[in-house]
């Protein structure tokens, strides 16, 4: 009998479906069944999805067998053969049970329907309801599953693992301690919340819901600093913190709200400080774009004179001046993160003059007391106008004065590219330490953007002349900022009592940032490559003196701040970077001029050690040093010191600070590189080479003969930094040109003796400021 031809609407036979073969659908037998010799049956009844028939019963029998084996093992412990540990066998049986039950739950999990609203909150609601019906509290992940997730560093974040935001927060007592620690330790550096308003909103049930994401960010950053006696119910602090971090990331990326920016900013503070830079920079990139979407980069009253096509508003207008000032501070904090990212990595900045039209933040005391004031605008330089060859000596001032309307509200800002009228006076009495920190940070960014990142051909005399002119312009800008700093802001001590020192964190950071700007600006001139010296005479000794003086004052300021701050006080990440740059330039100077290493180097590394200990908090595993940022900076400095000691041919890159630090935040077992026990005796007091003006000009008459009066015995003046200068070199001065003119200015004694460094020598203790931020 001939088989019937294939019919499209006929289902595959049972045997082919079981073997997952392509059925010919012929009658009475398909081709596969005819070849194998098995019965061929066609049926329209399809198997239901899910567990196969008998699977649950088979699993139940296996579980019963394991239970019986465990119980039987407990009765026969005495007869256990040698080499078999009863506890180990029982543990293995328990793990087998856990795997079986986990597999069963995984197979029985229903498919999640497509969400109609936010996928995060939909998944959180489903998961929270399931958990509340079963246990009444969030169920911790099993150890096996936790380990499996950790092996894959790029595992996807599963929204189904998140419960409702409120249910995953710690107890009220722990949460209160976390909030108090935030305002005591983090708020001085990350000023994105008004303390009084924040506590008021927490008491309001409607407002508290909007602050849940901020609370999770606080838990992530500060739970490790909570007193262990309060964390008796928290068994794994690290897991709780990581869970809160995932909740913040998923929630903050789900919508555009100011609270989301505040939470992500706190996350960045912790990620950078903990040495996890690769996780932080991606968040910073998102923040710099989101502040533009929310129009936080411009003043709310700037839309009147805005573009023809107005951007779509995403936020309701601020209810009052306090909320507007809070939004302003959120922007400037993200602005500082953007500049810090650019300076430390060499990347371009994201927030430019085309994006920013913002007033400086008001004095912290006025904001705290809710006293409304008007502050000046802060001008951002245009990158396109800052190329080498374009003079910036006549760039607009940093402040753009604006008139006030009859109602007392400020008018729209004039273009940041246009200077203010010569007779216009800018009222700076309404700004505080945070505003001066912003100015110092922008100055540091200008050195990187308009000087270090510029391309220059050192063999082209015209380009070198323009590059040195840019150096002179930025140098004069920094000197002017320091010179015209108001007297009450020249000392970071804000204590009302003469016998008590209370250093304002932001003002201290503004001072050390200014000194770091001087180091980054001058160190390329102070320690030039040998090939540059064939083209141009550089004021290397004068710049080297500036770098040494700035690093020495950095050590004084850091020691004073550490000695007069509470034992639990944290230091912001730019503070650690400034200390690292200062200590590193001392190594560079020691290596280049073959002098003795100053004791200030060990003062700065000791500061980084203390900062690392404070950052680790109470919950650091025994024998493990967390790879936070201060630890990495300190370890890199000590490692470089050891390399210089052990290898006389080791070449230290002056500008290599941007590529020396690892970006991951993994724990480092053991200690930092060991140093010789007699390192203090090896370095000794350093007097350095003769840095007087007469010695400098005498040296430039014979350009490559560095004064050896104060060098250590047996040490020569030959630089050991990325090449050495031979004694037979001579400058190719050529005809008088721009390069000759600018070098003559830089070598002038009056120019070289300008006061560039902020020091503690002339500290003014007569300050009556209160609650300055």
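Yeah, the Cβs are placed from backbone N, Cα and C, and that goes for glycine too.
Whatever TrEMBL says is automated annotation, not expert-curated.
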Exercise. Under TrEMBL, which of the candidate ranges 124-154, 155-185, 186-216 is annotated region 'Disordered'?
Worked result: 124-154
For this session: Just give the helix, strand and coil counts over the domain 'Zn(2)-C6 fungal-type' (12-42), going by DSSP.
Result: 12 helix, 1 strand, 18 coil
Exercise. Quick one: mean pLDDT on the domain 'Zn(2)-C6 fungal-type' (12-42)?
Worked result: 85
